[in-house]
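What TrEMBL records for this protein:
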DOMAIN    B:9-295  domain 'HTTM-like'
TRANSMEM  B:12-33  transmembrane segment
TRANSMEM  B:76-96  transmembrane segment
TRANSMEM  B:174-193  transmembrane segment
TRANSMEM  B:230-250  transmembrane segment
TRANSMEM  B:257-276  transmembrane segment
REGION    B:308-332  region 'Disordered'
Amino acid sequence: MTAPRRWLLAAFAAGAVGLAGWQLAVVFLYVAPANGVSKTHKPVIDGWIYPWFEQHWALFAPNPFAANYRIEARTSASGTWHDLSAVDNAAVRHSPYPARANQNLLRRAWKIYRDFGDRAVPARTERAELFRRYLGNIAAGRLEGLGERRGTYDALQLRITTLPIPAPGAASAPRPTRTVLPWWRA
Amino acid sequence: MKLLERASGTAYSLRSAAVLRIGTGLLSLAYLLRDIGDAGVLWGPEAYWTPEMALELNALNGWTGFYTVAVTESPVLWWVFYGLAVAVSVLFTLGWRTRVTSIAFAVLVCAVQFRTAFVNDSGDHLVRLLAIYLACTACGRVWSLDGRREWSPPLLKGENEELRRRVVTLTHNLALLVIAGQVMIAYGAAAMYKIQGSTWRDGTALHYALHLNAFTPWPELSHWVAGQSALILGLAYLTVFTQLGLPFAVFSRVLKYPFLIALLGSHAAIAVLMGLPLFSAAMVIGDMVFLGDAFWIGAAVLVKRGSGGRAPGTPRRDHRGEAAVLSRRSPG
């Protein structure tokens, strides 16, 4: 190629190499444990990463979660507690490729509500209120499958029992802890 | 300038790119079709994360426009969109008009994942990342419908065509480097987090992981494995060391193979024991970026010998002897 096109190619190459380097540098800073540089430049890093390049690699780390959740729900109509987690566990059992609705959905919704929600009804921030409604919708959907039809009750309530996994060789597990959420209007 | 000449003159690892394309396309199909029964409640108008809630949170995040393209109240529109995502995934896997299809694929994978971010896991994230990066590669040149087509005329004339080709080739090579870097960062970060954890250090991490209800489809087997303290200690250390070492091992043409085999083994175990086949497959597909064309040509020759025909993926329009050149120059 002659000079002008060679320079055009060189300019493109410089830009492309710069972009590739930038991509890897920002991804590295985003996934590495929080550090001085990533804390200072958090808005730039998050602005570049979300939502296109979102990724999380701290799987079962630093430590695997050492407990199981039992998420139960009841309605104002019947008052009977239904074990929603048991439904998920039964669906996962002996399935080589469990559905994400059973493996992830409810547990993740609870963790998001726990981490970003507040216990107020309605929640104090728009975001927290969204996560409260999301968890409530899933519970209502699951209750429907257990015979509690939508529209037959005014309110529903969730309680979450955290069941610690006993340490290897331990005779007994630490005591379970229980969180009871307020009644939510259906 | 000599480096630029080379980096824009030879498209490296075309076969690895093709394997990544086929793998990512199939994973996208698995993502969409496995949960077709739940598609309505995961992403559709009836979703627990309702269209209204999705729009509201995206607005709070400042994500408007494209990010909500898959959010709809209309069941008809949703199923058309879903069908389009499935169809494009098939075309991308087959490598049909890959230049255009790969971009459509990346856009649709992102759109579906952005619809309900809370149901995606790390495997899904990797599929999305690969979809975006692959749109910048020439992943449809071999082992594809495009590769079977007869030579098409150049798009431009003379030096403009050479410039276009060099831009495409350079972009392809850089995108593959970014994929390799991305996978190295993922393993490096995963190891970095694990060595901070007391249970990975004392070798009991798998005991807890194998007692999590969501990840024990075969509880009898999982609990038996969890009870073998020497085994789970060995597996925990092996996991940490292979993840930590992979970003360095891939620079060695010999050492990378045992590392990739160890990772393949651990992902196979995760797929079966923990009920995470899509996640495991996504990681294995990502690892494929480290296998150069020499490896794939060798594999194709073996398949050819076995079946007694033309090696699959030998493009008709390839120059004779390109395979030999590539196998000598293959960049690790």
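Note: Cβ is positioned from N, Cα and C throughout, glycine not excepted.
These numbers come from a predicted model, not from an experiment.
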Long-range environment of the transmembrane segment (B:12-33) - Cβ separation under 8 angstroms, sequence gap at least 6: 39, 82, 85-86, 89-90, 92-95, 98, 102, 105, 109, 112, 123-124, 127, 130-131, 134, 137-144, 172-173, 176, 179, 278, 281-282, 284-286, 288-289, 291-293, 296-297, 300, 313, 326, 330-331
Spatial neighbours of the transmembrane segment (B:230-250) far in sequence, C-beta under 8 Å, 6+ residues away: 180, 184-185, 187-188, 190-192, 194-195, 199-200, 203-207, 210, 256, 258-260, 262-263, 266, 269, 290, 332
For the domain 'HTTM-like' (B:9-295), mean pLDDT (0 to 100): 96
